[in-house]
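*Asks:* I grabbed these lines from Swiss-Prot:
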BINDING   95-97, 126-129, 136-138, THR184, SER316, 321-323  substrate binding site
ACT_SITE  HIS185  active site, proton donor/acceptor
ACT_SITE  SER315  active site
SITE      GLU328  site 'Important for catalytic activity'
Amino acid sequence: MRQENDSLGIVEVPEDKLYGAQTARSQKYFSWAPEVMPKEVIRALVLIKQCAAKANHDLGFLDSKYCDMIVSAASEILEGGFEEHFPLKVWQTGSGTQSNMNVNEVIANLAIQRHGGVVGSKTPIHPNDHVNKSQSSNDVFPTAMHIAAVINLKKKLIPAMDHLQRALDAKVAEFRDCVKIGRTHLMDAVPMTLGQEFSGYSNQIRQSLERVAFSLTHMYELAIGGTAVGTGLNVPNGFIDKVIHYLRQETGEPFVAASNYFSALSNHDTLVNAHGVLATLACALTKIATDLSFLGSGPRCGLGELLFPENEPGSSIMPGKINPTQCEALQMVCAQVIGNNQAVIMGGSRGNFELNVMKPVIIYNFLQSVDILAGGMQAFADYFVSGLRVNKPRLKEYLDNSLMLVTALTPVLGYDKCSKMALKAFHDNINLKEACIQMGYLSAEEFDRLVVPESMVGKF
């Protein structure tokens, strides 16, 4: 162990770790849970430190030597391999201050180490005076939240959504001529094609994609420069433009300064709204996964309209059983995301005066939702949707036996006669054509001419 000092006194720090006193204190008091600060947030914090150093140097507030040391250390961390030096939990101060200081300390100590200095000496690089210069945890952490959210939505979630939509669209085309009976209220309805049914699923994903894209609009606004309460205290003129310029350069994303810094620090309505979009996507995916599970139920004693890909045995006791496991996994993902949404809402509601104090739990749940939705949709598309096949004999069986084909006769016979015909067919356990002939409404030839399921599927 080595000894370091902070404003409260001496702290023991593991000799082989690059973090310092404040991180060690946080570990002592907040080590009782497994959830660590997401690596995406740490990367965003490191990136902010790198860009802030460049901005401070450009404005003449940080010597070239110190800037180069900070930028070099940050670059090395961003390349990977330093995860053990960022051990702090999600459950910490609600401003994320401890993780901000964790990053400050690691960058400072790595820079010191690489230049032959003594780790923990704060010489020549100081975690507060140099790495955190022109910054506060209160503006840095929400900036990191937005950066991490934007990057993960665009690199993980949106590609996975697009992949699933394309898989569904392929089935729309493949099943376009497969006429089946639709269902409303879980009961038989009029004919449609299986392709039409899948087009509804595809459109749900398409609309969710549009909602996700729109939710990014305000997420590009960054709080950096607001410092402690949004007034920009201790921020030199030009710093905000400079640091955002470098963040745009490094990420390729169109980040801009917050339209109102008091809002950017005190609330996270933008992330609450965006996670609401993720919850909406989860609702859509639950509906799709549930429908497909039912459509393939059986295979002998269920609906059996779809045949599932045979990925793995489904039972430890019943041989030959194949279950819709990808559907079930996705449904569990969606349940978790909808639960996360409540946590994000609660976190967002805790904006006390000038600072929201549940920032870590908001971004933790947000990023978890993105990760599991992206992974779940990718697997669902690859291992389930793409392998679905249609059971055409079962579709024909249901078509031939459906009583709702009577709807095609209402323009000719009227609603009342058609109702009597359908009820007779049901109670006598005969098909619709037989009931129609027995009741003397139409001849067999007239019935066949008027009741053609393929002509009842509409134009869409």
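Every residue gets a Cβ built from N, Cα and C, even glycine.
I'd like to know what surrounds each of these features in this structure.
*Replies:* Within 10 Å of the C-beta atom of THR97 (substrate binding site) sit 18 other C-beta atoms, taking all shown protein chains into account.
A sphere of 10 angstroms centred on the C-beta of HIS185 (active site, proton donor/acceptor) encloses 6 other C-beta atoms.
The Cβ of SER315 (active site) has 10 neighbouring Cβ atoms from other residues within 10 Å, across all protein chains displayed.
Counted within 10 Å of its Cβ, the other Cβ atoms near GLU328 (site 'Important for catalytic activity') come to 13, all protein chains included. DSSP classifies GLU328 (site 'Important for catalytic activity') as helix under the three-state reduction.
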*Asks:* Measuring CA to CA, name the entry from the recorded positions HIS185, SER315, GLU328 that ends up nearest LYS321 (substrate binding site).
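*Replies:* Nearest by Cα distance to LYS321 (substrate binding site): SER315.
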*Asks:* Fewest neighbouring Cβ atoms within 10 Å: which of the binding-site residues SER95, SER137, THR184, ASN323?
*Replies:* THR184
*Asks:* So of all those recorded positions, HIS185, SER315, GLU328, which one's Cα sits nearest to SER95 (substrate binding site)?
*Replies:* GLU328
*Asks:* Using ASP129 (substrate binding site) as the reference point, find which of the recorded positions HIS185, SER315, GLU328 has the shortest Cα-to-Cα distance to it.
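*Replies:* For ASP129 (substrate binding site), the spatially nearest of the recorded positions is GLU328.
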